[in-house]
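**Student:** Take a look at the following structure, please.
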Amino acid sequence: MHILVVGVDYKSAPIEIREKVSFQPNELAEAMVQLKEEKSILENIIVSTCNRTEIYAVVDQLHTGRYYIKKFLADWFQLSKEELSPFLTFYESDAAVEHLFRVACGLDSMVIGETQILGQVRDSFKTAQQEKTIGTIFNELFKQAVTVGKRTHAETDIGSNAVSVSYAAVELAKKIFGNLSSKHILILGAGKMGELAAENLHGQGIGKVTVINRTYLKAKELADRFSGEARSLNQLESALAEADILISSTGASEFVVSKEMMENANKLRKGRPLFMVDIAVPRDLDPALNDLEGVFLYDIDDLEGIVEANMKERRETAEKVELLIEETIVEFKQWMNTLGVVPVISALREKALAIQSETMDSIERKLPHLSTREKKLLNKHTKSIINQMLRDPILKVKELAADADSEEKLALFMQIFDIEEAAGRQMMKTVESSQKVHSFKKAESKAGFSPLVSE
């Protein structure tokens, strides 16, 4: 079995691609369930945010896993593999584990140390648990990822003066307007990104806040928290005529503000400039808005400069986080090694108990007049002998699992005791047990036995 990550992120793909390869929150459960039916996929979790869409999977073979995940993404988003492939990133085995931990800690984010991604990883983990698309390996891996993410923010200063993409949007507004106390801010979208933008703006002492959302009650809840005004979506055009700054993050599948709508709003603006920041993926604001006089449009990719300026101190703190990640990688590898040893120990016990059972059958045939009590006594003592004989080999095989060359040593151990085939069967049982609802018949069988995730 192997751990594999396939996806796109802000480093590998421009926003035009990321918005095409983005799962809506209400699609994640269905997507994970559908993906688990693909050949080679044993466990899977999908993490999809404005800056990344990544599939984490346990696969039986790396090459088939890569193929079927690429096929799944292309089919789901109705893209050709040729369109998608140049932007995909791949992480395998140890690199995949390290990548997940870096993501959970915020080290792989556009804004280093941001906390929002940890919540998104945790939410995807919960969804996968509910939909039963994960088993033994990812239950442990993602628990450790969430734990190291929490430790990062508890034990280091990387989250101090917390920033995010929405914070960067506010910073950009400050650079353009200076003091925001007299400005009218329009927030389009009352989701998490809109909420973060409102929080950051509130900290800057803004003049007036208006919140618009498809669901009016949700807009009102957010507006009330910051003494603002809520409006319905059909009032968007009039709100655009009044605002100085627009921050948009609805997550809609099509443009919410069109060029035509803004042209109508501009007639009432009397030449006043409008600063617009689109932090949604897919984008909310038509790029053609940039052609209009007095409109200054920025999208999520334009925020990189602001983000970079705020990150120097966090990069220094990131070195401490790297140490936490290294510790957690070691812990996970030790756990994986122990997991790999379980089938070996089970196979050894199985063989020893089979010998004990055959011996008891032979004794009972040769001594037919043994009483039930005598048979039970013999059975108990022969099993005791077996357990005593197995004690040292089992302790030794557990020690071998911690060695750097454990895979080769375990293979030799199995060869000495002639239990390769039995260990392979035990590993199959482990996989099937961890995949309670996954039909293992769909995965290609793999000859031999590999107790570890390959290096």
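Note that Cβ sites are derived from N, Cα and C of the backbone, with glycine treated the same way.
Checked Swiss-Prot, it gives:
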type	residues	note
BINDING	Thr49, Cys50, Asn51, Arg52, Ser109, Glu114, Thr115, Gln116, Gln120	substrate binding site
ACT_SITE	Cys50	active site, nucleophile
SITE	His99	site 'Important for activity'
BINDING	Gly189, Ala190, Gly191, Lys192, Met193, Gly194	NADP(+) binding site
**Student:** Using an 8 Å cut-off from the Cβ centroid of Gly189, Ala190, Gly191, Lys192, Met193, Gly194, can you name the remaining same-chain residues around the NADP(+) site, in sequence order?
**Tutor:** Ile187, Glu195, Leu196, Ala197, Asn213, Leu222, Ser249, Thr250, Gly251
**Student:** Between the recorded positions Cys50, Asn51, Thr115, Gln120, which lies closest to Gly189 (NADP(+) binding site), Cα to Cα?
**Tutor:** Cys50
**Student:** I'd like to know which of these recorded positions, His99, Lys192, is least surrounded, judged by other CB atoms within 10 A.
**Tutor:** Lys192
**Student:** When the Cα-Cα distance from Gln120 (substrate binding site) is computed for each of the recorded positions His99, Gly191, Lys192, which gives the smallest value?
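**Tutor:** Comparing Cα positions, the candidate nearest Gln120 (substrate binding site) turns out to be Lys192.
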**Student:** Rank the binding-site residues Ser109, Thr115 by the number of other Cβ atoms within 10 Å of each Cβ, and give the residue at the low end.
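**Tutor:** Comparing Cβ neighbours within 10 Å for the binding-site residues Ser109, Thr115, Thr115 has the fewest.
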**Student:** Rounded to whole angstrom, what's the largest C-alpha distance between any two of Thr49, Cys50, Asn51, Arg52, Ser109, Glu114, Thr115, Gln116, Gln120, listed as binding substrate?
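**Tutor:** Output for substrate binders Thr49, Cys50, Asn51, Arg52, Ser109, Glu114, Thr115, Gln116, Gln120: max Cα distance 15 Å.
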**Student:** What number of additional C-beta atoms lies within 10 angstroms of the C-beta atom of Gly191 (NADP(+) binding site)?
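**Tutor:** Cβ-Cβ neighbours of Gly191 (NADP(+) binding site) within 10 Å number 15.
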**Student:** Indicate whether Asn51 (substrate binding site) is helix, strand or coil by DSSP.
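**Tutor:** The three-state answer is coil.
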**Student:** Out of the recorded positions His99, Ala190, Gly191, Met193, Gly194, give me the one sitting nearest to Asn51 (substrate binding site) by CA distance.
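**Tutor:** With Cα distances computed to Asn51 (substrate binding site), the winner among His99, Ala190, Gly191, Met193, Gly194 is Met193.
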**Student:** Taking the Cα atoms as reference points, how far is Cys50 (active site, nucleophile) from Gly194 (NADP(+) binding site) in Å?
**Tutor:** 13
**Student:** From the Cα of Thr115 (substrate binding site) across to the Cα of Lys192 (NADP(+) binding site), what is the distance in angstrom?
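**Tutor:** Answer for this pair: 12 Å between alpha carbons.
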